[in-house]
């Protein structure tokens, strides 16, 4: 009897695992790099706003909220891209394409994730709650941009960095100039690394009529990348000067320059797999800058 109960429990667990696995993949739970690329800039903001380690509850709310909103963003992105994904090699096996998740269930999942995230935001102050509404608008409208403009990467930067003004609002009750400088730096960074991502899908996107910076600038893509990363680093220099950060921050920026340079070495021939590696490598850039900020604000 005990053995039968054990095998029944294992069978039940495997059944639910198989049922939930497509939803986990839809939310990109199996690909944490997107979460990390969203996490680092928000942590930059939290540590700068608090001038050190932020309050534990605020840190928990923002970290959990980042995972929830990033997952929700992936769900709504796949929902709006279900016309395109079957024709792109990298995305043709996504759950909405294969039918393992229905469009209706995807929308329900998006709504559930966003409601939980909003519930967490409600524990913050009024300004943070108001800013979160703008963040919801950015998250919901981003997936449609690639149909109408060659600059969806810029809009992704607006959406991905919105945790920065929210973090300052939560801790300081205002959004100072420092927050907007950091926000601009993150827009430039996101635009740059998502252009690597767009270079992976460029050929398929051209066939399907989708738009991106990689398509717009064609052979000048690497030049544009260089300009974006340079402007990002210069803006982060302004952040360091305005916040009067110590030498550890400046060391982290120098390290970030080396890491970014390595991306151009990786992707110099524009091969899709190499461009994807360059995209993934930005996790180390974000982490390095965070380490510099965290050490510079340690008292």
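Just so you know, glycine gets a Cβ as well, placed from its N, Cα and C.
The feature transmembrane segment, as given by Swiss-Prot for the ranges 12-32, 33-53, sits at 33-53. The transmembrane segment (247-267) shares the most Cβ pairs under 8 Å with 213-233, out of the stretches 107-127, 180-200, 213-233. Segment contact is absent for the transmembrane segment (213-233) and the transmembrane segment (56-76), given fewer than three CB pairs below 8 angstroms at sequence separation of 6 or more. Highlighted: of the candidate stretches 56-76, 107-127, 151-171, 180-200, 180-200 has the greatest count of Cβ pairs under 8 Å to the transmembrane segment (278-298). Residues 37, 41, 44-45, 48, 90, 153-154, 156-158, 160-161, 164-165, 212-215, 221, 224-225, 228-229, 231-232, 235-236, 238-239, 242, 263, 267, 270, 272, 275-276, 278-279, 282, 285-286 of the same chain lie 6 or more positions beyond the ends of the transmembrane segment (180-200) yet place their CB under 8 Å from a CB of it.
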